Amino acid sequence: MEVVMPRALLVLLSAALALTPTRAGSHSLRYFYTSVSRPGAGDPRFIAVGYVDDTQFVRFDSDAATGRMEPRAPWVEQEGPEYWDRQTRTIKETARTFRVDLDTLRGYYNQSEAGSHTRQTMYGCDLGPDGRLLRGYSQDAYDGADYIALNEDLRSWTAADTAAQITQRKWEAAGVAELQWRNYLETTCVEWLRRYLEMGKETLLRADPPSTRVTHHPVSDHEVTLRCWALGFYPAEITLTWQRDGEDQTQDTEVVDTRPAGDGTFQKWAAVVVPSGQEQRYTCHVQHEGLPEPITRRWEPSPLSTIVIVSIAALVLLVVAGVIGAVIWRKQRSGGKGPGYSHAARDDSAQGSDVSLTAPRV
């Protein structure tokens with residue numbers, strides 16, 4: 001299996017500048033490569049994307065009409081033509097390498113030429129708040145399963161199976177980790193990450209606080225789901241926790257992965273199922289870099305719901321008052337003049353009419 005990286009990447013990233021991040025917190029530069037074979041339909045499709053923190057800034061698709069590495073963030077567009085030419089040459093070289101790798105891997109696993117297979121790589125570096133390297137990494141996968149990974153010491157490899165051990169032996173013999181990956185991750189990757197952070201600092205170093213709310217969803221006659229939402233925040237790192245009377249409900253909380261909102265920000269929610277009528281005992285706590293301090297949210301019934309409840313109660317009272325008034329009026333009409341009183345005798349024609357009663361006979 002050929003060495004995929006970072007030989008070509010060293011050419012691409014040789015013009016690195018040493019710049020210092022201007023915001024506390026860690027940052028990352030990561031690349032994701034995917035090659036998918038398609039027997040009978042030509043060369044494998046190759047897609048590459050690059051991310052600074054949570055922002056995609058470059059992309060290449062071998063099926064795209066341009067056939068070039070393309071910018072995906074406004075701040076990287078300020079790079080000149082030479083940068084994009086180098087990026088394109090490098091990524092096309094990597095695509096060719098991946099095409100060969102797919103054939104090699106198919107042989108390692110004794111697979112036929114009929115099926116489609118996938119080769120993936122993720123690599124990059126993380127910087128700490130002081131601008132120094134926290135960690136470097138390179139991980140390879142085949143058909144969705146781990147294949148081989150660079151260890152934290154940046155000097156050795158971990159193979160996932162016997163096929164990957166073949167690659168491991170080749171790379172160890174060639175000194176791939178020590179001579180290429182370690183140098184790239186400790187030096188070149190760090191320098192380019194600092195450069196990108198400086199170029200895109202207005203976007204990358206911002207901290208957009210989340211907008212938060214709690215929604216109410218009946219589950220049954222006895223239970224409801226309270227869902228705590230965090231929307232429109234950046235960067236993606238955020239913590240949502242539910243508490244009941246001040247005690248964490250981690251084990252009973254359903255939390256989804258942070259998701260891109262499509263506008264450069266992120267969204268996330270965490271939910272708990274609670275007994276009906278006990279909603280006010282539960283609080284959602286949100287922590288994010290864009291917040292001066294953590295915030296707490298409870299479910300608050302909407303004003304419309306309160307108006308409806310009050311209106312229904314008032315209507316019930318009016319109905320009850322009307323019934324009581326009708327009963328009193330009927331009593332006054334029929335027997336409300338005291339005991340011993342009796343109607344005077346009258347003709348049948350007077351029954352049911354409003355004629356005055358005649359004086360009783362003596």
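Every residue gets a Cβ built from N, Cα and C, even glycine.
Residues or ranges marked as signal peptide by Swiss-Prot on the basis of sequence analysis: 1-24.
Taken from Swiss-Prot, the feature region 'Alpha-1' covers 25-114.
Positions annotated as topological domain 'Extracellular' by Swiss-Prot: 25-306.
The annotation region 'Alpha-2' is assigned in Swiss-Prot to 115-207.
Counting Cβ atoms from all protein chains shown, Cys125 (disulfide bond) has 24 others lying within 10 Å of its own Cβ. Residues or ranges marked as disulfide bond in Swiss-Prot (evidence: sequence analysis): Cys125-Cys189 (among others).
Positions annotated as region 'Alpha-3' by Swiss-Prot: 208-299.
Around the Cβ of Cys284 (disulfide bond), 27 further Cβ atoms fall within 10 Å across all displayed protein chains. Here Swiss-Prot flags Cys228-Cys284 (among others) as disulfide bond.
Taken from Swiss-Prot, the feature region 'Connecting peptide' covers 300-306.
What Swiss-Prot lists as transmembrane segment is 307-329.
Residues annotated as region 'Disordered' in Swiss-Prot: 333-362.
Under DSSP, residues within the region 'Alpha-2' (115-207) fall into helix, strand and coil as 41 helix, 29 strand, 23 coil. Cβ environment of Cys228 (disulfide bond): Thr212, Arg213, Val214, Leu240, Trp242, Trp269, Ala270, Ala271, Cys284, Val286, Arg297 lie under 8 Å away, each six or more residues apart in the same chain.
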